C-alpha cells in the first residue's frame, strides 16, 4: 500500500492508496481520535455498489452509522441538499466528535465536506473517493463547496479531511465516460508539474482505460504527491496553488452556461485546457509541438477537444468574469510554457481570449 502524508502542521493527514482496502475503513478509523457516530454520505449510484461493505466495516469497528443517499451528479451540490444533511445529522444526534464520511465522486466529496466544515463549526471529515477524478484531485487539498446559480463552487470553504482512503478497485465499476473525465485532471498534472509524467501518460493511457491495477495505483500516487506538494506550499490558494486551476477558467464557464450535469467536470476542464494551451500558443508562450502533444493526448483518451457549438464566445467570457478566480475584475489564466511548467497570468486581454474561443 502507498501512503502519502499531506504535511499541514496540526491539519496534516494521510492518503492511503491500494486495491481492495474498502473493507478496512473501520479499522483505519478506529486508529483516529474520533467519536463513534458517523454520517456516511453517498449517492444513489455508488450506494448499492459499496455502501454495504463500508457500513459493515464501520459497524464491526463499533461505529454507529447514519446513511444519506443523494441523487448522483452535479445538480446535488446545493444548499438545499446540505440542509437535508444537517437535518439528518441532528436527527441522529451527531456531535462535534462525530464524523462525516464521503463515499463517492467529487460531488459527494464537495457536498459532504461542506457539511462537515459547517456543521457545529466543523466536525471530522473522511474521504473515500470512488471516481478517478476524485481519487487524483478533488479528495485531496480541502476545497469543499456547493454551487450557486451565479457560479460553480461559489459557496464553500477550505477544510482538510482527517484521512483519504483511495481504493482503486472501485474504478472497476466506474462508467467509461466518468473514467475518461477523470483522465482530464490526470493530464493536467503532467502539463502543470511533471513533463516526464505527461510522456508516461502518452505511452500508458490505454492501461488506465483498461483499468490496469498497477497503472491506476501509480497514477493515483503520482497525482496525489503533486497535489500534496502544491497544497503544502499554498493551502488557501494565495499563490502557487492557482496552477491547479489550469483549464478551469473556461471549464467552469462551460459547466455553468451548459447547465450543471450537461458536461462532466473533466470534460469541461479538457476543453478549457485546450483553450488555455491555444491561448499560450497564440501568445508565443507555448511551442507548436507542445500544443499538439496536449491536444493529441486529450483527444486520444476520448475527451472533447472543441467548445460546445451552442455557447457563444462572448457568453463564455461574460461567465468567466463571475468566476471567483478573477482578480480586481481581471481574467486570470494558467497558461503552459512547456510540458511541466505553467505560469499564472492575471491580466489577459479579452480580445485575445475571444480570438481563441472563436477558432
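Quick reminder: no glycine exception, Cβ is built from N, Cα and C everywhere.
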Inset, instruction - Report the candidate from 143, 188 that shares the NAD(+) site with 106, 107, 108, 109, 110, 130, 131, 152, 170, 171, 172, 173, as recorded in Swiss-Prot. - result: 143
Legend entry - Binding-site annotation, Swiss-Prot, Zn(2+): partner of 248, 265 in 176, 185, 202: 185
Legend entry - Residue among binding-site residues 106, 152, 173 with Cα closest to the Cα of residue 185 (Zn(2+) binding site): 106
Inset, instruction - To the nearest whole angstrom, state the Cα distance for the pair residue 248 (Zn(2+) binding site) and residue 152 (NAD(+) binding site). - result: 11
Legend entry - Sparsest-packed among the binding-site residues, when each Cβ's other Cβ atoms within 10 Å are tallied, from 108, 171: 171
Legend entry - Secondary structure of residue 152 (NAD(+) binding site) (DSSP, helix/strand/coil): strand
